Amino acid sequence: MEDDRVFSSVHSTVFKESESLEGKCDKIEGYDFNQGVDYPKLMRSMLTTGFQASNLGEAIDVVNQMLDWRLADETTVAEDCSEEEKNPSFRESVKCKIFLGFTSNLVSSGVRDTIRYLVQHHMVDVIVTTTGGVEEDLIKCLAPTFKGDFSLPGAYLRSKGLNRIGNLLVPNDNYCKFEDWIIPIFDEMLKEQKEENVLWTPSKLLARLGKEINNESSYLYWAYKMNIPVFCPGLTDGSLGDMLYFHSFRTSGLIIDVVQDIRAMNGEAVHANPKKTGMIILGGGLPKHHICNANMMRNGADYAVFINTGQEFDGSDSGARPDEAVSWGKIRGSAKTVKVYCDATIAFPLLVAETFATKRDQTCESKT
């Protein structure tokens, strides 16, 4: 009898009755390669694969929601809206405003070409990056970056005049070419400041550099052509800052006003209404915080996709999940959000393939 009682107790503990998840959650299923190699189906299977594959699948869904949204989708029309906002054709034309942020290492990598594609076809509306994210784009127009190895010894590379970015190598000569190219532009900017009272800001400087580089491989060139603002609040932190420093010894007086840019950046979010706003942020640090902070000015973004490998246990903004930004009012409580814990050089091209690129291909096909 005692054994029966113990068995019954243990059995009921181990085999506790489950709540049914049928119809509430997706079943975990991977891609079946018996059906052949179908890349769109493979990518769709990410949603039900689990772990970060599912997060990537969710990110694809969120970005597609950003791209599909129209003001006409909103069933309620605000009583105090303008007559234009009540017009059905106008409402159908209003799209989500997309902020894209990325760190410099991604421009050092081949992700630069993915970013250039998005800017070239005006698929994003506002860009925020670091100084390295600016100069690496320009320098690649002057000289290439090469693939090396993570394990190459620093002292050896230094003796050869080679700079390592992860497993990428940038010859020091590239920065010499950058100096030769950019210093005359600074001279001309200073002349325009003195003679024409031009007030330079970081974003105006970057537009000018995009114009001057005149190279279709550059995302800055396309941002200039498409009139997409590029913000870089940490302008002096990088080789571009070094060049400004060196230029100040040659001739002083060049002024770059960051206050005008914070007004412009925050204004991109504040004046977005009646549009929704979406954030796609690769990596952390300054671009992530700057975009989120601007969206706080409008009571939060409506969509957010973060792709980075940062962790939140150290309290860094870089590693924070979207929900932390909700607590600050940088993302709305009702927003569609996801963080993908993955190297963006892997995740972002796949995401673009299943979102921006697919939709552009579909649009082009419908026109032919």
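Every residue, even glycine, has its Cβ placed from backbone N, Cα and C.
Feature annotation from Swiss-Prot assigns NAD(+) binding site to 104-108, 130-132, Glu136, Asp237, Gly284, 309-310, 343-344; the stated evidence is similarity to another entry. Among the features that Swiss-Prot reports, spermidine binding site is placed at Glu135, Glu136, Asp242, His289, Gly315, Ser316, Asp317, Glu324, Ala325, Val326, Ser327, Trp328, Gly329, Lys330, with the record citing similarity to another entry. Look at Swiss-Prot and you will find Lys330 tagged as active site, nucleophile.
Sequence features annotated in Swiss-Prot and their locations in the structure.
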residue : record                  : DSSP class
Leu106  : NAD(+) binding site     : helix
Glu136  : NAD(+) binding site     : helix
Gly284  : NAD(+) binding site     : coil
Gly310  : NAD(+) binding site     : coil
Asp317  : spermidine binding site : coil
Ala325  : spermidine binding site : helix
Ala344  : NAD(+) binding site     : helix
Exercise. Mind giving me a neighbour count for Gly310 (NAD(+) binding site)? Other Cβ atoms within 10 Å of its Cβ, every protein chain shown.
Key: 18
Quiz item: Looking at the binding-site residues Gly284, Gly315, Gly329, which one has the fewest other Cβ atoms within 10 Å of its own Cβ?
Solution: Gly315
Quiz item: Among the binding-site residues Glu136, Asp242, whose Cβ has the fewest other Cβ atoms within 10 Å?
Solution: Asp242
Exercise. Only counting partners 6 or more residues apart, tell me which same-chain residues put their Cβ under 8 Å from the Cβ of Ala344 (NAD(+) binding site).
Key: Phe102, Leu106, Val111, Leu282, Gly283, Ile307, Asn308
Quiz item: Within 10 Å of the Cβ of the residue listed as 'active site, nucleophile', how many other Cβ atoms are there?
Solution: 26
Quiz item: How many angstrom lie between the most widely spaced Cα atoms of the spermidine binders Glu135, Glu136, Asp242, His289, Gly315, Ser316, Asp317, Glu324, Ala325, Val326, Ser327, Trp328, Gly329, Lys330?
Solution: 37
Self-check item: Protein Cβ atoms within 10 Å of Thr131 (NAD(+) binding site), excluding its own
Solution: 22
Quiz item: Near Ser104 (NAD(+) binding site), which residues of its own chain have a C-beta under 8 A away, given they sit six or more steps off in sequence?
Solution: Thr129, Thr130, Thr131, Gly132, Gly133, Glu135, Glu136, Gly238
Quiz prompt | Which listed residue (Ser108, Ser327) has most other Cβ within 10 Å, given these are binding-site residues | solution = Ser108
Exercise. Work out the three-state DSSP category of the residue listed as 'active site, nucleophile'.
Key: coil
Practice problem: Let me know how many other Cβ atoms fall within 10 Å of the Cβ of Leu106 (NAD(+) binding site). | Solution: 25
Practice problem: Anything within 10 Å of Gly310 (NAD(+) binding site)? Look among the binding-site residues Asp242, Asp317, Ala325, Ser327, comparing CA atoms, and list what you find. | Solution: Asp317
Practice problem: Out of the recorded positions Ser108, Gly284, Lys330, give me the one sitting nearest to Asp317 (spermidine binding site) by CA distance. | Solution: Gly284
